[in-house]
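K.L.:
Quick paste from TrEMBL:
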- 175-203: region 'Disordered' (REGION)
- 251-269: transmembrane segment (TRANSMEM)
- 281-300: transmembrane segment (TRANSMEM)
- Ser339, Lys345, Glu346, Asp375, Lys516: UDP-alpha-D-glucose binding site (BINDING)
- Asp375: active site (ACT_SITE)
- Lys517, Asp541: Mn(2+) binding site (BINDING)
- 647-666: region 'Disordered' (REGION)
- Asp740: active site (ACT_SITE)
- 819-839: transmembrane segment (TRANSMEM)
- 851-869: transmembrane segment (TRANSMEM)
- 889-909: transmembrane segment (TRANSMEM)
- 930-951: transmembrane segment (TRANSMEM)
- 971-989: transmembrane segment (TRANSMEM)
- 1001-1021: transmembrane segment (TRANSMEM)
Amino acid sequence: MEASAGLVAGSHNRNELVVIHGHEEPKPLKNLDGQVCEICGDDIGLTVDGDLFVACNECGFPVCRPCYEYERREGTQHCPQCRTRYKRLKGSPRVAGDEDEEDVDDIEHEFNIEDEQNKHKHLAEAMLHGKMSYGRGPEDDENAQYPPVITGGRSRPVSGEFPIGAAHAYGEQISSSSLHKRVHPYPMEEPGSARGDDKKEGGWKERMDDWKLQQGNLGPEPEDANDPDMALIDEARQPLSRKVPIASSKINPYRMLIVARLVILAFFLRYRILNPVHDAIGLWLTSIVCEIWFAFSWILDQFPKWFPIDRETYLDRLSLRYETEGEPNMLAPVDIFVSTVDPTKEPPLVTANTVLSILAMDYPVDKVSCYVSDDGAAMLTFEALSETAEFARKWVPFCKKFSIEPRAPEWYFTLKIDYLKDKVQPTFVKERRAMKREYEEFKIRINALVAKSQKVPAGGWIMQDGTPWPGNNTKDHPGMIQVFLGHSGGVDAEGNELPRLVYVSREKRPGFQHHKKAGAENALIRVSAVLTNAPFMLNLDCDHYVNNSKAVREAMCFLMDPQIGKKVCYVQFPQRFDGIDRHDRYANRNTVFFDINMKGLDGIQGPVYVGTGCVFRRQALYGYEPPKGPKRPKMVSCDCCPCFGRRKKDRKHSKHGGDGATNGVDDDKELLMSQMNFEKKFGQSAIFVTSTLMEEGGVPPSSSPAALLKEAIHVISCGYEDKTEWGTEFGWIYGSITEDILTGFKMHCRGWRSIYCMPKRAAFKGSAPINLSDRLNQVLRWALGSVEIFFSRHCPAWYGFKGGQLRWLERFAYVNTTIYPFTSLPLLAYCTLPAICLLTDKFIMPPISTFASLLFIALFLSIFATGILELRWSGVSIEEWWRNEQFWVIGGISAHLFAVVQGLLKILAGIDTNFTVTSKATDDEEFGELYTFKWTTLLIPPTTVLVINLVGVVAGVSDAINNGYQSWGPLFGKLFFSFWVILHLYPFLKGLMGRQNRTPTIVVIWSILLASIFSLLWVRIDPFVLKTKGPDTKQCGINC
C-alpha cells in the first residue's frame, strides 16, 4: 500500500471521493459520472430501448438493473439516496406493493418460463453445497465458477498485508467491476459424481494420515528418535499455556469460610427481623432493608470468586511452533485499534507514545497494522500522527536493536532505573543520548502543533497544499483515511520494513446516530477488514501504551493454542497505571477488581471485557458462535429388548432412506438463504461481507489498493449501519456508554469463553485521574452505563437464557456489574443512620443478649477473615484492600447515587446525559493534580454525610456527659457505627482540604451552612435542659 498517496476523503452517499496530496491540488480518485453502479460497481447498462438505465426517477442515483431488481425483491424497495420507493420499470417482474401502480405490464418478460427454469436449475445446484462466491468481472470469467476467495482452502498467504499491484496508483481510474459485485451462489460437483468421490476419498485418507501422525503411529522411523532436533519438535507440540490452580491450602479454607459466613449471615438476618425496635420502628425497618440488600449484593459479588485460577504461558513453544527458521513466519496477523476524540483532553503526545510503542513491539512487522481512530476529526491529531510516523523510522530500530522496555519514549526516558542493566553493546550509551535528543526535538514539534491549534482561523484550518481541512466541521464532514506507513515507503532509518499505520476518521452528518466510542470501534472493524483483515484485533485507549513488547505473543499463546484457542473470543489483560500517588488515595489502581474478581471469573467462563487492553478474535465480534466439540457416537442398536424402540426407529430410517437426502438438501437451502442475507446483516459491501467468511484472515486477491481505499471510505460512511445488525447483535454493542460490558456479555451468551492473562511484566499501562473530582466523574460514567444496561433488553438478569450458554456464576457476575449502582440508596441511608441515632437518642437494635453478642462478633470476624484469605491467595496488599473499601463508600454515596438518578431520568423522562472524556493531561509537578480542587455537585452528598456524623458524634458525647455514667453504655454502639462512616470517608475529607493549610473557600461555606442548620436543629431538640415532669393526675386527682 502506498504510504505517500495522501489523505483519502469522501462520502459514499454523496458520490464524493478525492485524494488530498501533501503539496498538490486535490485530484479526483474516480470520475463518478453516473455510468457505474454505486452498489456493486458494474456498468449501469442500457434499457431495451437503448437508453441509459435509470432506477430512480426522483434523484437519478446510479444503480444497475440487477441491484435494482435485488433491492425490490429482497431489500427495502427504496432508493439508497432519496429513500423514494422504486417504481416498477419495463421488463421488471412484479413484487409486493406493485398492484396499485398503473404502469403497463411487460408480459413478454414477466412470464419467461424458460429463463425461470434455467435460473432455478442453477440455484438448486448451488444450494447443494451452500458455498458463496466472490463476484468477479469480465477479466476473470474463465475462473468465475471456482473463485479462490472462499473455496475451503486459503486463497493467499495470510500476512495482513495490503495487496500491491505494480500497475496501480492512486490517481488511476479504478475498474471496480471486479470488486463490488454482490455475493452469489455458484455450482459445484454433484455429490455422487466420480470427481467428488475422489476428493472425498482423498480427504479421508489425508485426515487418517494426520490422525496417525498425531498419535505417533505414522512418522519417522524409530532410529530417528536420537535426532537432536526431536527434542525441539517435541517441545513445540506441547501446550502453549497452562492453567495453574490456586493451592488447596489457600483456597479450601477460603471456601469453607464463605459457607460459614453465609450461615452466620442467615442467622443474623433472622435475629434482626424477629427482634424489632418498637420505639424506633422507622429506623429499624430502614436498617433491615439495607442489610438484606447488602447480603444480596455480597452473594452476587462473592460466589463468582469460587474458582480463582492463575495461568502460565510458554513463549518459547510459541516460537518453536510458528516461527521455524528458514520458513515463513506463521504467527497470526493482528490489527491494533487506538481510539481518540478530543486532543485537548487527550494530548497528542500521549497518543503518539501509544502509537510508537505499538509500532516497536516484538512481533513480525508484516503482521502488525495500527489504526488510529480520530472521532473528533481534528487536524491537530492528523498532523501529530504524521510527525509520529517520521519519528518512528528512528525510534523503532533503536528499540529492537537494544531490546529496551518500555517502548514508549516518554516513559522510557523518565524511568528512574539503571538503564545500563543487561546492556553490553559499546554503542548503546552514545545512541541512547542521540535518541533522547531526537525525542526532545520531536516533543518540541508536537508542542508547536498544540500551540498553533489554540487559535482556530476564521475560515477553518488549511492543509499544506492550500486545501481546506475536511474536518473543519466536526459534526458534518466526510470520511477520511490516510496511510502514513505502508508497504511502499514504510521503512525505518536502516531500510527495514515498518508496521502499517493508518489514520481513520469516520464520516459524520447531522441527523445520524453515531454511537460515540462504540460506533468508532465498529468503523475500525470494517476498515481493517477491508484493508488488512487480520484474524485478531487488539484495542487500546489512546493513553494505554504497550509496556511489555511481548504482550501480543502472550495473547497468542491462548488464541493460537490448538486445544483451547478456537473457543476463546478474547484475551483480557489487567489494567495497570502510571502516575498514581504511592498511597493510591482514591483506589485508582483498582487491584481488588483486577487481581481478585477477574481471577475468579477466569475459572468460570472468563473475565469481563473492560474496554482496553484486550485481544479479540474477529470471528467472535462478527457474531459467530464458537465451534462445537465432537459429539459422542450413537450407540449401535441390537436385538435385545431395551434397544427395541431404538432399533425400530433405525428401521424406519432405513426404509425411507431418501428422506435423509431430502433433509440434507433442505439444510443446504437454509444455509444458502442465510448466506444470501449476509448483506442485510453486515451491510452493502461485497468486499467486507467476503472478509467475514475468511476465518484465517487475509484480503481478497486481485484487489487494487485504490479500490480497497474506496471501499474503506464506503464502510465508514454514516449511513452504512442502517437496517443492519451492527451494534445490536455483533460488534461493539450500542445502548450504553459502557459498551465494553455489553460486548463481552453478548459473546459469553453465545458460548464463547475468555481468558485472563497476567504476565509478570504488565502488558499495558495507562494514566488514571488522581484528582478527586475527575475520579468521581469517571466512576459516575461507569455506573451510569451499568444503570443503562439494567434497564435495557440486554439486562443479564433476564437476557440470554434461551441458548443456555452462559454459566450461572458468570451470570451472577454480570448481574452484579449492572445492579451495583443501586447499592448507593441503602448505603446512603445506612451512613446517615448513626448520626440520626446520636441526635435522637434512638438505636436500630434492641438491647442484645449474650447469644446476639456472639452472633455479632462471629459476623464481624467472618467479614475480616474472608478479606484476609482473599488477600492471601491473590497477593493484594492490605492497604490496597482498605483503599478499595474506603472508595466503595465514597463512590457509593456520590457517583453511584447520581448515576441512579440520571439513569431513572433518562428512562422515565427521556433526559439524556452527555459523555465526558476523562482528561489525560498531566501536571508538570509530580502528583500536583492530586491536590487540585475542582468543585462538582458529586461532592455534596459525601460532604453532608461527613458533617452530619461529625455533628452527631459531638452531640452524642455531650449528651452522655450531661446525663451521667449510665448513658455511656448505649453510646458506644452508636459511636462505633458513626466512626465506621467517618473512617471510610477520610480520603474524601483529605481531598476536600487539598494541600496542608489550604482549605477551599467553598468547603468553608458548606461547613458553616451545614453547621448552622444542625445547630438550629440541636437547639430545637434542647438536650441539655432537664425536662421536669408534672404530677401524676391519677394519683393526685388534680385536673391540670
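Glycine is treated like the rest: Cβ placed from N, Cα and C.
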K.L.:
Return only the integer: C-alpha distance in Å from Lys516 (UDP-alpha-D-glucose binding site) to Asp541 (Mn(2+) binding site).
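P.N.:
Distance between the two Cα atoms comes out at 14 Å.
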K.L.:
Against the transmembrane segment (889-909), which of these stretches has the most C-beta pairs under 8 Å: 251-269, 819-839, 851-869?
P.N.:
819-839
K.L.:
Enter the number of other CB atoms within 10 angstroms of the CB of Asp541 (Mn(2+) binding site).
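P.N.:
There are 24 of them.
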K.L.:
Can you tell me which binding-site residues out of Ser339, Lys345, Glu346, Asp375 are within 10 A of Lys517 (Mn(2+) binding site) by Cα, answering none if there aren't any?
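P.N.:
Near Lys517 (Mn(2+) binding site) by Cα: Ser339, Asp375.
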K.L.:
Find the longest CA to CA distance in the recorded UDP-alpha-D-glucose-binding set Ser339, Lys345, Glu346, Asp375, Lys516; express it in Å as a whole number.
P.N.:
16
K.L.:
To the nearest whole angstrom, what is the C-alpha distance linking Asp375 (UDP-alpha-D-glucose binding site) and Asp740 (active site)?
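P.N.:
Rounded to the nearest whole number, the Cα-Cα distance is 18 Å.
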K.L.:
Count the other Cβ atoms sitting within 10 Å of the Cβ of Lys345 (UDP-alpha-D-glucose binding site), across every protein chain shown.
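P.N.:
Result for Lys345 (UDP-alpha-D-glucose binding site): 14 neighbouring Cβ atoms inside 10 Å.
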K.L.:
Can you tell me which parts of the same chain pack against the transmembrane segment (851-869), counting only residues 6+ beyond its ends and a CB-CB cutoff under 8 A?
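P.N.:
250, 253-254, 257-258, 260-261, 264-265, 267-268, 271, 275, 302, 878, 881.
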K.L.:
Select one residue from Lys516, Lys517: among these binding-site residues, choose the one with the most other Cβ atoms within 10 Å of its Cβ.
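P.N.:
Result for the most crowded candidate: Lys517.
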K.L.:
Quick one: Cα separation, Ser339 (UDP-alpha-D-glucose binding site) versus Asp541 (Mn(2+) binding site), in Å?
P.N.:
6
K.L.:
If I take the alpha carbons of Lys345 (UDP-alpha-D-glucose binding site) and Asp740 (active site), what is the distance between them in whole Å?
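P.N.:
Just about 21 Å between their Cα atoms.
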